[in-house]
Amino acid sequence: MISFDYTLLIPVLPLLMFLTLGIGGHRLKPLMAGLLGSAAMGVVTVLSYLTAIQYFFVGGGMGADGYVALIPFQFTWLAFTDTLRITLGVMLDPISVMMLVVISTVSLMVHIYSLGYMKGEKGFQRFYAFLSLFSFSMLGLVLATNIFQMYIFWELVGVSSFLLIGFYYRKPSAIAASKKAFIVTRFADFGFLLGILILSYYTGTFDFGILTQPETSPVASMAGVSFMGLSVVSWAMVLVFMGGAGKSAMFPLHIWLPDAMEGPTPVSALIHAATMVVAGVYLVARLFVVYHFWAADIQEVIAWVGAFTSLFAAVIAITQHDIKRVLAFSTLSQIGYMMLALGVSGYGGAEGTGYMAAMFHLFTHAMFKALLFLGAGSVIHAVHSNLMTEMGGLRKYMPVTHITFLIACLTISGVPFLSGFFSKDEILVAAFEHSKVLFAIEFLVAGLTAFYMFRLYFNVFWGQERHYHHTPHESPWVMTVPLMVLAFASVFSGYLPFTHLVSPDRLPFEVHLHWGIAIPSVLIGLAGIGLAWVLYKRPSRVPDRMAAAMGGFYTTVYHKFYIDEVYLFVTRRVLFNLVSRPISWFDRHVVDAFMNALANVTNGVSDRIKGLQSGQLQMYAATFAAGVIGLVLLALYYLGSA
Amino acid sequence: MLHTIPLHYFLIVGTLMFFIGVAGFIIRRNLITILMSVELMLNAVNINFLAVNRYLYPHHLEGHFFTLFIVAIAAAEASIAIALIINIYRRFSTIDVDQVSDMKY
């Protein structure tokens with residue numbers, strides 16, 4: 001038996017680092033703080049890889065009946081009843097071990113990259129403290145043994161996301177974006193909490209191990225109960241999904257993610273591309289058994305939400321000019337893919353392709369999207385602008401960034417034998433098995449993805465050279481090395497034997513490349529690339545004319561379908577006018593008025609009678625004597641007559 | 001010989017003393033006089049205690065005990081009152097109670 005006791009260190013080290021840098025960071029030199037944080041993250045990465053190797057490849061995780069969930073560490077934190085107790089612990093199963101690898105790899109790369117990107121920024125130590133806090137929360141989230149522990153860390157990643165988006169706290173737009181992100185996800189987490197409460201009320205447990213047993217799960221006992229035409233399980237699971245949709249920025253809760261790009265670019269790479277935003281996918285995968293067996297209607301909803309979001313975001317991405325926003329919408333679109341894959345997945349054997357594909361795509365997407373963001377950061381670092389219109393012809397000045405960015409674009413477009421090709425193909429296969437409509441949507445999105453990524457690529461690295469303030473230069477090696485590492489991962493992570501590692505029933509299965517689906521999807525990807533080549537490789541007026549020809553539709557898409565405006569309308573006009581204003585009127589004119597009236601009456605009465613307190617001692621004595629005499633007379637009168 | 005004086009004589013004397021004390025307390029302005037009025041009231045009560053004890057319960061001693069208590073307390077009270085009066089005099093240069101009326105609304 002292999003011991004996994006050291007896995008406790010994986011979340012604890014970043015926590016210690018957060019406390020060290022948070023409390024004592026300002027006494028350290030900025031570079032020291034950065035190196036310290038990176039070194040701790042390096043140790044965590046080594047431990048995560050060790051865990052993965054021992055769990056998957058040495059046989060530490062393989063039981064008689066497929067992979068087992070190991071719990072190397074656990075203690076009871078709050079014990080309510082014998083069955084309802086909240087524990088904190090570390091759970092290792094295929095998806096959590098896989099997430100450890102993703103998070104530690106991307107986090108380490110971002111730590112190293114930030115040494116160069118954030119150099120000379122005010123609050124460098126604070127930045128590393130927050131990065132450590134985020135890493136701690138995210139690792140704790142994936143290692144959670146029960147849904148309540150997950151919820152705690154879920155909120156912690158929300159807080160660290162808030163802190164990092166608002167890192168440039170002097171910039172009003174960054175403050176607004178951080179508040180928006182926090183409020184929107186917090187609103188979604190409200191649903192998550194309700195879902196947890198409903199689930200635990202009926203099942204009496206928080207434990208993932210108990211909840212996700214297909215045969216013996218206590219969820220089965222609540223199957224008969226229904227509320228307003230929907231079973232209670234479905235209610236609970238749709239509320240839980242609401243939390244996941246908020247964190248993963250699924251439509252209609254996606255509005256915070258594009259604005260979150262106000263944070264420093266490495267943060268966008270770590271939190272808003274690779275790790276935190278896939279927490280929702282991870283949550284659905286974690287509770288997949290419950291969704292699949294007892295809330296199949298909600299699973300269908302997840303599939304459609306995912307499909308819609310991926311199409312919706314891909315269309316918007318085509319029109320955006322800010323490179324980080326293009327990437328943000330691309331992230332939305334890719335997460336939509338993962339949600340869709342989970343939504344269409346079955347349970348046993350090859351039926352579980354969708355589940356496997358979602359996790360596979362999560363893994364490959366984390367690598368190439370982090371690479372895209374870090375590459376974009378490198379470009380922004382060189383030209384000091386986020387806008388595509390102020391870039392062009394950069395391939396000559398930044399060769400490393402150019403090549404790695406190209407690799408990432410090819411990967412996300414699904415060019416054969418790069419990692420994105422394999423994972424996206426599995427998703428399309430799973431979608432095809434389930435529903436032709438969903439497949440058609442995702443097929444279209446694959447083409448759109450290739451198009452908008454290469455529009456970005458050609459605009460930045462080819463096209464017309466702009467007038468730069470100073471000649472753009474390649475970034476220092478601390479920034480290019482992470483790019484190269486991630487490019488390597490983007491190319492080769494597709495060869496990981498995911499079907500042997502991750503499946504809903506935790507048994508290895510075989511799946512073969514489905515050429516009938518792979519070839520058309522590659523072709524549409526190439527078509528997208530070709531179209532972008534024609535339109536954007538050389539400076540031309542065609543794209544502008546096409547945009548003008550589309551008129552109102554283009555404007556609508558450019559403004560992100562006015563979803564933000566709809567939210568503003570709903571909150572400002574509807575909620576504020578119909579709910580908040582009447583309530584505030586009631587508060588001011590009824591509640592406050594009552595209290596004011598009490599105070600006024602007291603005041604008026606005391607004004608009238610304060611003359612009695614004259615300070616004349618003998619006046620008091622006389623009153624007192626008169627009172628006593630009066631009382632005696634009264635007593636005599638009544639007692640005498642009785 | 002004492003028995004030749006009926007109880008209500010004592011009670012009348014006590015009552016007169018008490019109300020003289022009350023009247024003095026309310027009417028006189030000088031703090032020393034007011035203190036003396038208070039002593040009058042206390043002693044009026046003492047007379048009542050002793051007389052009633054002697055006439056109604058000659059074999060009990062509670063009335064005497066009470067009287068002794070009151071005498072002791074009156075002594076303590078007088079010392080405190082005089083200390084207060086001295087302080088008032090230092091502060092206001094008068095012991096006229098009408099002038100000492102700062103503690104009002």
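Each residue, glycine too, has its Cβ placed from N, Cα and C.
Long-range Cβ contacts of the transmembrane segment (A:6-23) within its own chain (Cβ-Cβ under 8 Å, at least 6 residues beyond either end) map to 33, 36-37, 40-41, 43-44, 47-48, 50-51, 72-73, 90, 92, 100, 104, 125-126, 128-130, 132-133, 135-136, 139-140, 143. Marked as transmembrane segment by TrEMBL: A:6-23 (among others).
Summarising the annotation, TrEMBL assigns transmembrane segment to A:35-57 (among others).
The average pLDDT computed for the domain 'NADH-Ubiquinone oxidoreductase (complex I) chain 5 N-terminal' (A:77-128) is 86. TrEMBL lists A:77-128 with the feature domain 'NADH-Ubiquinone oxidoreductase (complex I) chain 5 N-terminal'.
Same-chain neighbours of the transmembrane segment (A:95-115): 10, 31, 34-35, 37-38, 41-42, 44-45, 47-49, 51-52, 55-56, 61, 127-128, 131, 134-135, 138-139, 142-143, 264, 266-267, 269-270, 274-275, 282, 285-286, 359, 362-363, 366-367, 370, 374, 377, 478-479, 481-483, 485-486, 489, 501-502, counting only residues six or more beyond its ends whose CB sits under 8 Å from a CB of the stretch. The annotation transmembrane segment is assigned in TrEMBL to A:95-115 (among others).
Counting same-chain residues at least six beyond the ends of the transmembrane segment (A:127-145), those with a Cβ under 8 angstroms from any Cβ of the stretch are 7, 10-12, 14-15, 17-18, 21-22, 25, 33-34, 36-37, 40-41, 44, 71, 74, 87-92, 95-96, 99-100, 103-104, 107, 110-111, 114, 118, 121, 152-154, 156-157, 159-161, 163-164, 167, 207-209, 264, 267, 270-271, 275-276, 279, 282. Per TrEMBL, the feature transmembrane segment maps to A:127-145 (among others).
Sequence annotations record features per position, and here TrEMBL assigns domain 'NADH:quinone oxidoreductase/Mrp antiporter transmembrane' to A:144-445.
Among the features that TrEMBL reports, transmembrane segment is placed at A:151-169 (among others).
Under the heading transmembrane segment, TrEMBL lists A:267-289 (among others).
Summarising the annotation, TrEMBL assigns transmembrane segment to A:301-319 (among others).
Annotation source TrEMBL lists transmembrane segment at A:326-350 (among others).
What TrEMBL lists as transmembrane segment is A:362-383 (among others).
Remote same-chain residues near the transmembrane segment (A:403-422) are listed as 330, 334, 360, 364-365, 367-369, 371-372, 375-376, 379, 446, 449-450, 453-454, 456-457, 460-461, 480, 483-484, 486-487, 489-495, 513, 518, 521-522, 525-526, 528-529 (criterion: CB distance under 8 Å, separation of at least six residues from the stretch ends). Per TrEMBL, transmembrane segment is recorded for A:403-422 (among others).
For A:437-457 (among others), the entry in TrEMBL reads transmembrane segment.
According to TrEMBL, the transmembrane segment annotation covers A:477-495 (among others).
Proximity of distant same-chain residues to the transmembrane segment (A:35-57), defined by a Cβ-Cβ separation under 8 Å and at least 6 residues beyond the stretch ends, is recorded for 2, 4, 6-7, 9-10, 13-14, 16-17, 20-21, 28, 67, 70, 92, 94, 97-98, 100-101, 103-105, 107-108, 111-112, 115, 128-129, 131-132, 135, 139, 501. Note: the stretches the transmembrane segment (A:437-457) and the transmembrane segment (A:301-319) are in contact (3+ CB pairs below 8 A, sequence gap of 6 or more).
Break the domain 'NADH-Ubiquinone oxidoreductase (complex I) chain 5 N-terminal' (A:77-128) down by DSSP state and the numbers are 29 helix, 11 strand, 12 coil.
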